[in-house]
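Each remark here refers to the structure printed beneath this line.
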4 protein chains.
Amino acid sequence: MSEIKKVVLAYSGGLDTSVILKWLQDTYQCEVVTFTADIGQGEELEPARRKAQQFGIQQIFIEDLREEFVRDFVYPMFRANTIYEGEYLLGTSIARPLIAKRQIEIARQVGAEAVSHGATGKGNDQVRFELGYYALEPNIKVIAPWREWDLLSREKLLAYAESHGIPVEMKHKNGGSPYSMDANLLHISYEGKGLEDPAREPEADMWRWTVAPEVAPDQPQYLELNFEKGDAVSLNGVTMTPAVLLAELNRIGGQHGIGRLDLVENRFVGMKSRGCYETPGGTILLKAHRAIESLTLDREVAHLKDDLMPRYAALIYNGYWWSPERRALQTLIDHTQQTVNGWVRLKLYKGTVMVVGRESRTDSLFDPTIATFEDDGGAYQQSDAAGFIRLNALRMRIAARLQRKE
Amino acid sequence: MSEIKKVVLAYSGGLDTSVILKWLQDTYQCEVVTFTADIGQGEELEPARRKAQQFGIQQIFIEDLREEFVRDFVYPMFRANTIYEGEYLLGTSIARPLIAKRQIEIARQVGAEAVSHGATGKGNDQVRFELGYYALEPNIKVIAPWREWDLLSREKLLAYAESHGIPVEMKHKNGGSPYSMDANLLHISYEGKGLEDPAREPEADMWRWTVAPEVAPDQPQYLELNFEKGDAVSLNGVTMTPAVLLAELNRIGGQHGIGRLDLVENRFVGMKSRGCYETPGGTILLKAHRAIESLTLDREVAHLKDDLMPRYAALIYNGYWWSPERRALQTLIDHTQQTVNGWVRLKLYKGTVMVVGRESRTDSLFDPTIATFEDDGGAYQQSDAAGFIRLNALRMRIAARLQRKE
Amino acid sequence: MSEIKKVVLAYSGGLDTSVILKWLQDTYQCEVVTFTADIGQGEELEPARRKAQQFGIQQIFIEDLREEFVRDFVYPMFRANTIYEGEYLLGTSIARPLIAKRQIEIARQVGAEAVSHGATGKGNDQVRFELGYYALEPNIKVIAPWREWDLLSREKLLAYAESHGIPVEMKHKNGGSPYSMDANLLHISYEGKGLEDPAREPEADMWRWTVAPEVAPDQPQYLELNFEKGDAVSLNGVTMTPAVLLAELNRIGGQHGIGRLDLVENRFVGMKSRGCYETPGGTILLKAHRAIESLTLDREVAHLKDDLMPRYAALIYNGYWWSPERRALQTLIDHTQQTVNGWVRLKLYKGTVMVVGRESRTDSLFDPTIATFEDDGGAYQQSDAAGFIRLNALRMRIAARLQRKE
Amino acid sequence: MSEIKKVVLAYSGGLDTSVILKWLQDTYQCEVVTFTADIGQGEELEPARRKAQQFGIQQIFIEDLREEFVRDFVYPMFRANTIYEGEYLLGTSIARPLIAKRQIEIARQVGAEAVSHGATGKGNDQVRFELGYYALEPNIKVIAPWREWDLLSREKLLAYAESHGIPVEMKHKNGGSPYSMDANLLHISYEGKGLEDPAREPEADMWRWTVAPEVAPDQPQYLELNFEKGDAVSLNGVTMTPAVLLAELNRIGGQHGIGRLDLVENRFVGMKSRGCYETPGGTILLKAHRAIESLTLDREVAHLKDDLMPRYAALIYNGYWWSPERRALQTLIDHTQQTVNGWVRLKLYKGTVMVVGRESRTDSLFDPTIATFEDDGGAYQQSDAAGFIRLNALRMRIAARLQRKE
């Protein structure tokens with residue numbers, strides 16, 4: 001282990017990564033550089049600086065990455081209407097590539113040979129971090145303490161903390177939250193403890209970002225989103241940056257109890273796990289994006305995107321954001337979004353999001369003169385359909401004739 | 001046209017197909033056999049018999065196909081978690097193949113050379129009917145009056161009716177419903193008139209099967225669905241036939257404002273159209289089926305199904321139910337459902353359906369001893385993940401090394 | 001028909017399109033503009049000019065499109081390793097979009113309301129021409145004489161020609177070639193007559209571009225192709241334009257009996273047909289392109305391309321070159337070709353093409369220090385494979401444990 | 001390591017697995033059971049028995065699995081027209097699942113806790129063996145000596161052999177074959193040594209199963225294969241079992257220099273490697289199977305199979321034969337083969353295989369009355385094509401109109 005002199009740690013300031021910080025110093029006898037990012041998790045970052053200083057850290061990176069996160073990761077993903085396994089909006093998955101990228105950039109800047117993270121050896125996040133590291137810096141050393149050390153239970157971790165002078169907050173002493181949580185501008189997730197029985201409903205007080213639909217306002221709220229090239233650019237007529245817009249959608253969606261999800265998912269490492277998620281803004285955004293695409297995207301392009309979407313979603317879920325195949329797919333997806341311009345009106349009410357109107361003044365492929373059930377003045381020749389059907393049926397008729405002979 | 005002596009007409013008893021009946025008699029000088037099916041559209045069938053008799057029809061077929069419809073068409077489709085274009089549950093599409101099949105069977109029974117239907121030349125239904133006819137009876141003659149006659153406006157149709165002694169109900173004289181509607185046990189749909197502007201919200205009194213979420217009960221309702229081989233077999237512990245179960249889900253879902261949908265879709269004949277749908281039972285069923293699959297289906301099997309689903313959905317939407325490729329896909333889908341056994345608990349509330357629990361005593365692949373964040377006693381070796389990640393990263397590392405050399 | 005004053009005809013100068021020319025003049029009473037293109041069919045074009053003049057044509061377009069054809073159509077298609085139904089290199093399909101495009105451009109230039117072609121109503125070519133016309137000029141009128149007139153047998157056609165003073169060459173009077181042929185720089189095709197029985201071997205004297213392998217040289221020939229961004233740019237060290245290179249490959253491949261194909265294919269209009277093809281240069285090019293990709297393309301990118309290829313091939317076969325979905329796929333395909341640089345050495349011998357070497361000095365992802373079976377000095381940790389396998393097996397182990405319990 | 005009392009070793013009798021045998025005895029102090037299978041590799045098995053006896057092995061399994069191999073593995077794979085990365089017929093990949101299955105069955109029979117194999121830690125075969133083991137017996141222990149020991153060079157291996165009294169044949173002392181080879185009834189493969197430079201042509205004397213095309217007979221040979229439900233059942237009118245038929249095709253194909261392949265492939269473990277293959281019988285079989293399918297398979301079914309094939313091929317290449325997703329795909333593939341009945345005639349000549357005829361008396365979907373270019377007496381209405389094209393073009397026309405407005 002002598003070769004590692006400096007390691008860049010993805011540091012939240014919480015108990016786990018504080019223990020890791022200390023453990024790295026002790027085990028690897030190396031300098032630790034901390035990197036703490038604001039990606040909208042809703043926690044103050046300055047405490048992380050103070051704690052790092054207490055460990056004698058010399059190089060402390062604290063950065064606000066919220067705009068980059070939404071603009072370069074969340075928005076591109078939503079252009080594909082991405083959903084994993086029919087339900088999950090990939091809130092955790094999409095944040096890891098950004099962290100990995102910045103960690104590698106910092107490692108280069110400070111001359112570190114290694115990077116480290118606090119993800120466990122059972123989950124997807126270790127894969128997402130490390131595939132990113134390796135793809136961007138092929139010779140980087142990766143230290144994944146959860147796979148190396150023997151602090152595999154919470155008791156051992158607390159004991160280590162106490163014996164090494166790491167301040168443990170009261171909530172941890174009392175057991176802390178019963179859930180393992182992760183949050184960023186796109187979502188907050190819950191795993192572990194009571195959720196480990198998929199037959200049991202989560203407790204009502206678990207949810208943090210959204211109110212229960214039952215206590216949401218009795219009045220529905222309408223909102224209007226404007227899209228340019230597939231990206232939401234304004235809300236109710238007010239132009240906003242991506243991060244501001246998503247934050248605002250989270251706020252409004254949360255008020256209306258929108259975006260709760262309770263599911264069993266398949267991890268890349270081979271097991272099923274149960275997770276709960278709140279994605280208020282993302283739930284609204286997905287619905288709206290599909291609606292504006294329904295008006296502005298050619299049918300076969302839309303179907304091509306639908307056919308490729310599960311694959312694209314699995315790539316992101318599995319941590320392949322920085323892979324050449326994800327980039328190739330993104331090229332196709334982005335190409336299709338040039339015409340995805342217009343507005344969508346939505347109605348929010350007690351957990352539901354309903355599209356109630358959509359329009360594209362520049363790119364609508366909806367042609368009322370053809371679609372109408374009324375007389376269309378010859379825009380569409382109904383007799384064409386006879387030949388269309390007969391030729392589409394031809395191969396089946398030939399087969400049926402053969403069967404009848406037999 | 002002299003070769004057609006007998007034609008089997010899909011006859012609803014309504015104004016349009018009554019005009020068609022008369023028009024067939026007059027234009028083709030042939031005997032018309034009527035076929036009226038109960039597929040859960042919620043209308044009485046006996047009036048159709050009386051009307052047919054008034055036209056002098058000798059052979060009148062009136063049949064209750066509700067169980068066959070749900071068992072052999074709706075349920076197989078739901079095994080694939082079928083959604084068209086991300087939203088539409090294919091309520092209309094799935095009913096046509098059954099009608100087509102029975103019409104052909106009746107044509108054989110009565111010795112008819114032709115079949116006829118009341119679908120227009122602009123829509124998908126003509127394709128669905130006729131692809132079915134041709135696939136099942138390759139030499140059948142198809143008469144599609146809407147593509148042949150000149151009654152292309154409602155005024156002309158009413159004039160024809162009046163001048164030919166076809167009783168026109170008051171509602172038609174007054175313009176009738178402003179929407180073109182279609183209903184069966186899976187859904188009711190609305191098209192046309194005010195909906196032809198996709199920017200406008202549908203009027204509140206359009207919806208017929210569901211209450212508005214705003215007036216749904218203030219108390220959520222829980223229900224439990226039991227699945228066997230991918231099909232729902234009991235509700236809240238009561239075993240039900242497919243049609244009874246779906247009807248009950250419709251009733252309950254409708255009370256809670258579940259399953260409304262407003263969208264712009266791409267028709268097979270090449271245009272976009274706007275439609276609104278109510279699919280209360282289907283919306284619940286889809287959610288529940290995904291949930292039981294999440295527990296009992298292997299990850300890669302589930303992803304294979306997800307990858308194929310849009311193609312399967314397009315086949316059904318486009319009318320290829322009776323095609324060999326749909327059957328081939330169905331073989332795969334059905335094969336995967338052997339282990340899809342267990343129950344799902346759902347919570348319904350003001351338009352929302354939330355899965356709150358799922359269990360499979362016989363087929364759950366969720367292994368809590370492995371999934372746990374707690375100490376698992378060695379069931380899973382965390383160190384395995386290092387090699388897993390490194391080999392998955394290898395190709396990207398090789399590429400990155402090459403790029404750095406350049 | 002009065003609205004058509006001018007029509008642009010795709011005119012080969014042969015008997016069929018000469019009859020069409022006359023028929024258009026007579027039937028539509030309109031001015032005909034002829035368009036004759038050299039796409040490498042190997043026939044002189046000046047006779048077409050003289051014939052057109054004999055019909056009194058005022059505007060005659062004769063153009064050499066060979067470079068554009070290979071550069072903008074053949075090469076992009078080969079970047080995808082395109083094969084239809086496992087065998088067919090799409091030689092006819094890929095030429096039609098170019099003809100359609102130029103015809104429309106000429107129609108705009110001369111102010112014609114209509115275009116016309118000589119493809120029959122049973123084949124794919126009518127679809128390929130007309131989808132191109134409509135996609136590029138949505139309001140164009142299309143005249144497809146074979147679907148309109150009654151000259152459906154060769155006898156009637158000849159009779160029409162004679163009675164209208166159209167010179168019929170001796171070969172036609174004698175029945176001419178027993179095959180319907182089509183040629184361009186990519187291939188020559190044969191259909192019809194003796195080929196209509198798929199059980200019978202084509203006659204030896206049918207083939208025109210390649211010698212029989214039996215009479216090819218007894219000495220193999222090696223050649224080397226250089227690729228830049230996926231396109232062949234030089235042959236045996238000599239830089240060539242696309243059309244020159246493909247012509248040279250045709251010449252060499254033809255000498256060695258390479259690229260004969262005899263197959264039954266599925267037409268877009270719903271029937272199976274039997275065709276024979278000679279594609280000497282294309283056969284070499286495809287093999288070489290795959291070889292250089294095997295060295296320079298990431299595995300998952302290559303697999304993504306392979307997964308999409310049949311769909312891309314069907315799009316081109318069916319005439320959707322100018323569709324938005326083909327363009328979207330092309331964007332992805334082209335994006336992947338940036339690293340496809342290097343040379344491939346091939347051995348040609350009596351109908352076989354064998355890759356015997358390939359190298360990319362700039363973009364090879366083949367890493368001999370890792371691939372070696374010898375000691376690699378730690379470049380690859382064999383122990384990583386254990387974890388890789390165990391996690392990849394995990395879901396199957398969980399399932400197997402469940403099965404054993406039952 | 002004390003828990004392993006008995007291990008079943010896949011034992012070829014060669015030097016490597018003999019060293020492994022001894023190493024297992026010494027390292028694990030356990031009883032070794034040897035399993036040697038004839039899958040058509042063309043080597044005598046009795047020497048393996050004698051060698052095993054010399055090591056004191058008590059339980060020796062020697063089995064002829066050739067028929068099972070071809071019937072249950074090769075044939076099902078060929079029903080899908082399986083090719084990996086456009087070229088490779090998967091000869092090695094398809095044999096591993098059978099070995100794994102028998103090894104597990106023997107382990108159960110003899111009460112062994114572990115299985116072992118001689119595949120290295122860099123290749124695909126370790127994955128194929130072990131995914132099979134784990135899928136069939138989830139709690140099996142796997143010993144992969146190449147990943148555990150330190151005998152990583154040939155010199156060390158030979159030294160170990162000599163010092164442990166393992167007889168080393170002269171060929172090994174002299175360096176033996178310069179290639180790593182693997183053979184079974186489907187193919188023989190070559191890797192390593194001189195092949196590790198993909199730019200260099202393999203030496204002429206490497207190839208063992210096929211003559212060079214240059215020295216193949218000057219007379220072509222015709223042969224006829226009969227298929228039932230997608231499987232070849234007779235050759236030139238003689239009914240044969242699968243293994244006998246494939247062996248005979250190998251013999252004939254080998255004489256004509258058919259089935260040589262030189263490629264760079266992407267291994268599942270993340271690296272590219274260069275391999276050479278001889279698959280004479282398989283090359284003929286694939287060509288013939290596609291030909292009989294071209295006549296008997298519906299177009300859309302054929303395209304569905306083509307779309308899924310690369311995925312199916314990757315599953316087999318990567319070792320997922322025993323996975324639920326491979327089984328699900330197989331269900332679909334097998335379902336499609338019911339109509340794949342008939343004969344194919346092929347011409348073999350100096351490395352080429354050409355289909356020259358195909359016929360299915362019971363299931364041909366080729367309808368000459370429709371396909372003909374001659375007058376078809378109305379079987380196909382050419383005018384139908386106009387409507388077919390116009391509706392297929394409609395979405396593109398609408399888009400083009402929109403673009404022109406802008």
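Any Cβ shown, glycine's included, is placed from N, Cα and C.
Just so you know, TrEMBL annotations never went through curation; they're auto-generated.
Around C:Ala10 (ATP binding site), a 10 Å sphere centred on its CB holds 22 further CB atoms from the protein chains shown. Per TrEMBL, ATP binding site is recorded for C:Ala10, C:Tyr11, C:Ser12, C:Gly13, C:Gly14, C:Leu15, C:Asp16, C:Thr17, C:Ser18, C:Ala37, C:Gly118.
For the recorded site, C:Ser93 (L-citrulline binding site), the DSSP three-state label reads coil. The Cβ of C:Ser93 (L-citrulline binding site) has C:Tyr84, C:Asn124, C:Arg128, C:Ile316, C:Tyr317, C:Gly319 as same-chain neighbours under 8 Å, each 6 or more residues away in sequence. For C:Tyr88, C:Ser93, C:Asn124, C:Arg128, C:Ser180, C:Ser189, C:Glu265, C:Tyr277, the entry in TrEMBL reads L-citrulline binding site.
Under the heading L-aspartate binding site, TrEMBL lists C:Thr120, C:Asn124, C:Asp125. Taken residue by residue with DSSP, C:Thr120 (L-aspartate binding site) is part of neither helix nor strand, so it is coil. Of all Cβ atoms in the shown protein chains, 19 besides its own fall within 10 Å of the Cβ of C:Thr120 (L-aspartate binding site).
Residues or ranges marked as domain 'Arginosuccinate synthase-like N-terminal' in TrEMBL: C:6-167. Looking at the domain 'Arginosuccinate synthase-like N-terminal' (C:6-167) alone, the prediction's average pLDDT is 95.
Taken from TrEMBL, the feature domain 'Arginosuccinate synthase C-terminal' applies to C:179-398.
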- May I have the list of same-chain residues other than C:Thr120, C:Asn124, C:Asp125 whose Cβ is within 8 Å of the Cβ centroid of the recorded L-aspartate site, in sequence order? C:Ala119, C:Lys122, C:Gly123, C:Gln126, C:Val127, C:Arg128, C:Arg267
- Alpha-carbon spacing, C:Asp16 (ATP binding site) to C:Tyr277 (L-citrulline binding site), which is rounded to whole Å: 22
- Item | Cβ-based proximity (under 8 Å) of the binding-site residues C:Ser18, C:Thr120, C:Ser180 to chain D, or none | C:Thr120, C:Ser180
- Task: Write out the long-range same-chain contacts of C:Ser18 (ATP binding site), meaning residues 6 or more apart in sequence whose Cβ is under 8 Å from its Cβ.
- Result: C:Tyr11, C:Lys51, C:Phe55, C:Ala161, C:Ile166, C:Pro167
- Note on the structure: Integer Å value for the Cα distance linking C:Ala10 (ATP binding site) with C:Asp125 (L-aspartate binding site) is 12
- Around the Cβ of C:Arg128 (L-citrulline binding site), the count of other Cβ atoms that are within 10 Å: 29
- Winner by Cβ contact number (other Cβ atoms within 10 Å) across the binding-site residues C:Tyr88, C:Tyr277: C:Tyr277
- Whole-Å Cα distance, C:Ser180 (L-citrulline binding site) to C:Gly14 (ATP binding site), is 12
- C:Ser12, C:Asn124, C:Ser180, C:Ser189: which of these binding-site residues has the sparsest Cβ neighbourhood within 10 Å? C:Ser180
- Give the distance between the Cα atoms of C:Thr120 (L-aspartate binding site) and C:Ser12 (ATP binding site), rounded to the nearest whole Å. 15
- Give me the Cα-Cα distance between C:Tyr277 (L-citrulline binding site) and C:Ser12 (ATP binding site), rounded to a whole Å. 20
- Message: Taking the Cα of C:Gly118 (ATP binding site) as the centre, which of the binding-site residues listed as C:Asp125, C:Ser189, C:Glu265 lie within 10 Å of it?
- Response: C:Asp125
- Task: State the count of C-beta atoms found within 10 angstroms of the C-beta of C:Glu265 (L-citrulline binding site), not counting that atom itself.
- Result: 20
- Query: Out of these binding-site residues, C:Gly14, C:Gly118, which one has the fewest other C-beta atoms within 10 Å of its own C-beta?
  - Reply: C:Gly14
